[in-house]
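A.B. asks: After the structure tokens below, expect a handful of questions from me.
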Amino acid sequence: MDLNGTYEKRLLRAAARAYRDQLDAAYRTDADRAIASRIVASAAFAEAPAVMAYYAVGTEVDTRAIISTALEAGKTVALPRCRRGGLMDWHRIAALTDVAPGYGGIPEPADDPSTLIDAAALPPTVLALVPGLLFDDAGFRLGYGGGFYDRFLAAFPGHAIGLIRARQRIESLADRRALEPFDRPVSYVVTEEDGLTIP
Ligand SMILES: Nc1nc2c(c(=O)[nH]1)N(C=O)[C@@H](CNc1ccc(C(=O)N[C@@H](CCC(=O)O)C(=O)O)cc1)CN2
Ligand SMILES: Nc1ncnc2c1ncn2[C@@H]1O[C@H](COP(=O)(O)OP(=O)(O)OP(=O)(O)O)[C@@H](O)[C@H]1O
């Protein structure tokens, strides 16, 4: 797997990581709470039978409140398991504790065939919560460089929602020469300030 990418992506990735890690904890907590509120209050969330989530680590936007609310509402919640070749398998979880450290130290669900979900066969009402170091105004993202979400989004039929704090947005990855042909945008970007509000 290519964990490098272009020179511009590598520079921006390092800067975005350092920038994210120095955001103060109070700002992150408040922003993450507002982001979660916007998502669970949205019509898209209400209509979604399933949520393809991520298990946040370090200073990523916290998804625990969204996952708990989805589970309580009886929705299917799935988390990714990284496979060779930049691919992810998705497994249904029954609780936030149904994980163990996996690829890159990120908690993953067990490799259990009975919980495996075919993400490409899901209905268009399903949501995917997409992590990133940065999102731009067109919905393009910069991740950790594994290409996992580019490959996933290329075949995902539902609504992909990027979760990012307002201070971590930039105008255009293309203008910074940090876009490649295989980069896939999300359908919506939600910050503490905008995105997916109730009408
Ligand atoms: N919470 C969360 N889960 C996620 C992602 C994510 O961004 N956030 N992913 C989104 O794709 C996938 C995991 N992607 C990953 C990509 C690279 C590395 C990693 O270990 N990168 C090293 C660089 C190589 C190295 O120095 O070892 C690193 O970050 O230090 C980890 C996970 C699936 N699950
Ligand atoms: N659809 C694809 N098909 C084949 N290779 C791909 C595809 N998407 C990405 N790649 C490969 O993955 C590598 C990493 O891509 P990129 O730098 O965009 O990762 P990222 O989006 O930051 O990471 P992640 O999605 O894991 O958070 C690329 O250099 C490319 O070689």
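Note: Cβ is positioned from N, Cα and C throughout, glycine not excepted.
Straight from TrEMBL, here's the annotation block:
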BINDING   K9, R10, L11, L12, R13, R141, L142, G143, Y144, G145, G146, G147, F148, Y149  ATP binding site
BINDING   E60  substrate binding site
A.B. asks: I'd like to verify something. Among the binding-site residues K9, L11, R13, which ones have a C-beta closer than 6 angstroms to some atom of ligand 1?
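C.D. replies: Checking each Cβ against ligand 1, none of them comes under 6 Å.
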A.B. asks: If you count, for each of the binding-site residues Y144, F148, the other Cβ atoms lying within 10 Å of its Cβ, which residue has the minimum?
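C.D. replies: Least crowded of the binding-site residues Y144, F148, by Cβ count within 10 Å, is Y144.
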A.B. asks: Would you mind pulling the DSSP three-state label for F148 (ATP binding site)?
C.D. replies: helix
A.B. asks: Given L11, R13, E60, L142, Y144 as the binding-site residues, which ones have a Cβ positioned under 6 Å from some atom of ligand 2?
C.D. replies: L142, Y144
A.B. asks: What does the structure give for the C-alpha distance between L142 (ATP binding site) and E60 (substrate binding site)? Integer Å is fine.
C.D. replies: 13
A.B. asks: Could you measure the widest C-alpha to C-alpha distance across K9, R10, L11, L12, R13, R141, L142, G143, Y144, G145, G146, G147, F148, Y149, the residues recorded as binding ATP, and give it to a whole number of angstrom?
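C.D. replies: Answer in Å: the longest Cα-Cα distance is 20.
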A.B. asks: Would you mind reading off the Cα separation of the residue listed as 'substrate binding site' from K9 (ATP binding site), to the nearest angstrom?
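C.D. replies: The residue listed as 'substrate binding site' and K9 (ATP binding site) have their Cα atoms 19 Å apart.
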